[in-house]
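A short worksheet on the structure shown next.
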Amino acid sequence: MNHYLTPDLCDAYPDLVQVVEPMFSNFGGRDSFGGEIVTIKCFEDNSLVKEQVELKGQGKVLVVDGGGSLRRALLGDMLAEKAAKNGWEGLVIYGCIRDVDVIAQTDLGVQALASHPMKTDKRGIGDLNVAVTFAGVTFRPGEYVYADNNGVIVSPSPLKMPE
């Protein structure tokens, strides 16, 4: 597991990175995480999130555009534990999560807007690996995202921590 400091990455790569608007909170057991972007666009339906965390995710971060909904949780403890077991670096969720006490103990990075106790409907509706835009930034599959307690940044290519 790599440790990333977004302020240092911003200082080292000012022309490469885009800074996501500061609206996310860190809920995961990892203080920092980063990797190649895999995207999901969905609204109050986490069917695609469930499908993706079942797959191997080494070196990848699942970026979920949940439309900013504050009415349903797109991630809970069971899916977070599956994501960690399958090697995902983390998730950035433009929406809510639940089971926050368990997720805080899970070896997974999780950034989200808030917590909400209600689960989603499972209708199988959503899009996988499409460009998604929220918080002032467009997230494209195959680009890179890095997150820590300071914020979330996006880069078109992988970044190395400065020496």
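Placed from the backbone N, Cα and C atoms, the Cβ positions cover glycine too.
Residues or ranges marked as substrate binding site by Swiss-Prot: GLY76, ASP77, MET78, LEU79, ARG98. The Cβ neighbour count for GLY76 (substrate binding site), using a 10 Å radius over every protein chain in view, is 19.
Swiss-Prot lists ASP99 with the feature divalent metal cation binding site. Neighbour list (ASP99 (divalent metal cation binding site), Cβ cut-off 8 Å, at least 6 residues apart, same chain): ALA73, GLY76, ASP77, ALA80. When secondary structure is read from DSSP and collapsed to three states, ASP99 (divalent metal cation binding site) falls in the coil class.
Neighbours of the substrate site: apart from GLY76, ASP77, MET78, LEU79, ARG98, residues of the same chain with C-beta atoms within 8 angstroms of the site's C-beta centroid are ALA73, LEU75, ALA80, GLU81, ILE97, ASP99, VAL102, ILE103.
DSSP assigns MET78 (substrate binding site) to a helical segment in the three-state reduction.
Cβ environment of LEU79 (substrate binding site): ASN46, VAL49, LYS50, VAL53 lie under 8 Å away, each six or more residues apart in the same chain.
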